[in-house]
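Below is a structure I'd like to ask you about.
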Amino acid sequence: MIINKAIDLGKGKILSIETGKMAKQADGAALVRLGDTMVLATVVSSKTPPPANQDYFPLQVEYREKYSAAGKFPGGFFKREGRPSEKEILTARLIDRALRPLFPDGYLFETQIIVTVFSSDQINDADVLGGVAASAAIMVSDIPFHNSMSEVRVGRINGEFIVNPNINELQGSDIDICIGGTANTICMLEGEMKEISEAEMLDAIKFGHEAIRKICALQDEMAAEIARPQRSFAPVKAPAKLKEVIAGLSETRLKELAYTPLCKEDRAEKTASVYKETLQSTLELFKALLTPEEIAAEPEKALCLNAHIIEEEIHAVEKKVMRHMILDDGKRLDGRTLDEIRPISIELGIIPRAHGSALFTRGETQALVTITLGTKKDAQSVDTLTDSADKRFMLHYNFPPFSVGETGRVGGTGRREIGHGNLAERSIKMVSPSETDFPYTIRIVSDILESNGSSSMASVCGGTLALMDGGVPIRKPVSGIAMGLIKEGDAYSVLSDILGNEDHLGDMDFKVAGTEDGITACQMDIKIDGLDYHILETALEQARKGRLHILDKMEVAIPISRGELAQYAPRLTSIQIPVDAIGLIIGKGGETIRSITEETGAEINIEDDGTVTIACSSPEGTNAAVETIKTLISKPEIGNTYLGKVRDIRDELGAFVEFLPKTDGLVHISEISKERVTKVSDHLKVGDRVKVKLVDIRKDPRTGKNRFALSIKAVESEPEKSDENKAGTEGN
């Protein structure tokens, strides 16, 4: 049965969902269309029961964009799609984070969602459509799932909110936020903004939620028409007696630990000891109590001897203890109050050869952040279905295993690292200088050296500080903070600057970055239903206060960006040349521009409009390159001095010197030296670089072309210049 339903999102944007035509052997499939952008999502969930010791939900979300969707060929030798791009990885995470909380607890069957873009009109981005398609595919399947979920993008143009703005509309929008949620609650946020207020942020979320409700209703209608019953599964539950025994053995000790402020390492060690001893005591107790006959008669009693189940129940006790300590007493694991920020320390300029650096430490989370400045040639070429551009601002985030005291794989960038780096990049990008004001390519690298929560927000703070240390003229400093939530019934507590345990055992991870004037980026993941807007408003206001506190600490370390670039950073100088002179600067096969680079140490980039950008770490090299270029495009003028190259020698006549591109002049034998010269080759050789002065220009009566008379002797007679090595025109 083919079902197709559509909804008008406003401004003539029709979103349609179709199922029953494609990929019918998958457990569920849905095709979503907006404009000419079409996304197919499929879902398959294994019916093979998971292993008894499995304690996680193996959900895999893949998002892939076909180049054929936009009528393009893939690059590279093989001409086919390769590994996922950064855009594809980020979109897969966007979908995963919104869907994962909606699967029922205890559902641990291997599940794979594949979202494929088969058509792109290069105007409507497919990312949020992929989230809708994935949810619709699950809803028409028999896979257990709580509620339909939808994702939308919200923009704001001239104060008016808009759902799913297209690529052109986003250019004029001051908000770009992706929202995922059910009809009842928001479960995922991610986006960037141009310093908007907390109230404006809340309004954008509410506006997006209205569209989400409509799209969810569309999915619910489809599911009702298909009326496919959900498959049954039996989550493993510990017997009541086992829970009682474990609580008796561990709760008091875990409570003592929770109320004792400890560093991460000590807490982990002592908690592991409680787990080990409780496990051992529980196994000994039930081995003595249960006989093989009892277990055979009531197989569920065997769970009392399952180490994995026992550890899960100890974890449940630990979670309960921490949550009640926060809700009932307003205390946290490290002794802080609910809105207290951990101690902050900042060191600047600690990496001598970097173009800017900062070591930002907040509690037991530490980021070493460096910046590198480059030219336009260093920009990253990005080719997606909707855009092809050069990216001149980037932030790369690295999370090595030693940062959490573990061993692990080194090399390659994981999805989590790409996601955290992207969030930090979007947070700072909003205050980065324009290309006109600062024509550098900027690369920020954040290496996490220690981690106990909020490492991505430490990267935001450290990245801002490194830019300021490097003299990059950012508009305003940016700081970031991670907020948490503990909610039981109507009682809740919002936590500022959460620890790793508070993230793991809590209900929300809400990262907010911004300046003193507003929010520049956010990311939120919710693990529970029923997050109302009052809680969200509280979290945003508490985040604002925390953000300002951190900004104050950063301002003490460095109030404004340094007045000059770092010693080893390249200096960029731009000059304009006539378009028809570009070929002269480049030379045959790039010979001339390579020669300038070799002689001056400067990197030279020429735009089609004649803009020449010169990058060099030394002022002398920059000046030499500028003067050489000016010389190359200048017209011969009597009295000017040039640095030329000997092209030919006539012993009894003189030397022919190329003093401008493709322009030779004669240095007569009498003009080579103040002393008498009998043989030119005794003084000059072909290829020599010599300074010459243009002393005369005469027309050849036969050809009508100019003949140039040059003198080395005239240069030697002049007073010595302060910069003898400077190439190019002197005396202009």
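Just so it is clear, glycine is given a Cβ too, placed from its N, Cα and C backbone atoms.
Below are the features I grabbed from Swiss-Prot:
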type	residues	note
BINDING	ASP503, ASP509	Mg(2+) binding site
COMPBIAS	715-732	compositional bias 'Basic and acidic residues'
DOMAIN	570-629	domain 'KH'
DOMAIN	639-713	domain 'S1 motif'
REGION	710-732	region 'Disordered'
Are there any residues at least 6 positions away along the chain from ASP509 (Mg(2+) binding site) with a Cβ closer than 8 Å to its Cβ? List them or say none.
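Counting only residues 6 or more apart in sequence, the Cβ neighbours of ASP509 (Mg(2+) binding site) under 8 Å are ALA482, MET483, GLY484, ILE498, ASP503, GLN523, MET524, ASP525.
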Which secondary structure state does DSSP assign to ASP503 (Mg(2+) binding site), in the simple three-class scheme?
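SS state of ASP503 (Mg(2+) binding site) = helix.
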Please give the average pLDDT for the domain 'S1 motif' (639-713) in this predicted model.
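Residues in the domain 'S1 motif' (639-713) carry a mean pLDDT of 90 in this prediction.
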Give me the count of other Cβ atoms within 10 A of the Cβ belonging to ASP503 (Mg(2+) binding site).
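Other Cβ atoms within 10 Å of ASP503 (Mg(2+) binding site): 17.
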Across the domain 'S1 motif' (639-713), what are the DSSP residue counts per state (helix, strand, coil)?
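Tallied per class, the domain 'S1 motif' (639-713) gives 7 helix, 40 strand, 28 coil.
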Give me the DSSP three-state residue breakdown of the domain 'KH' (570-629), ordered helix, strand, coil.
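Grouping H, G, I as helix and E, B as strand yields 32 helix, 16 strand, 12 coil.
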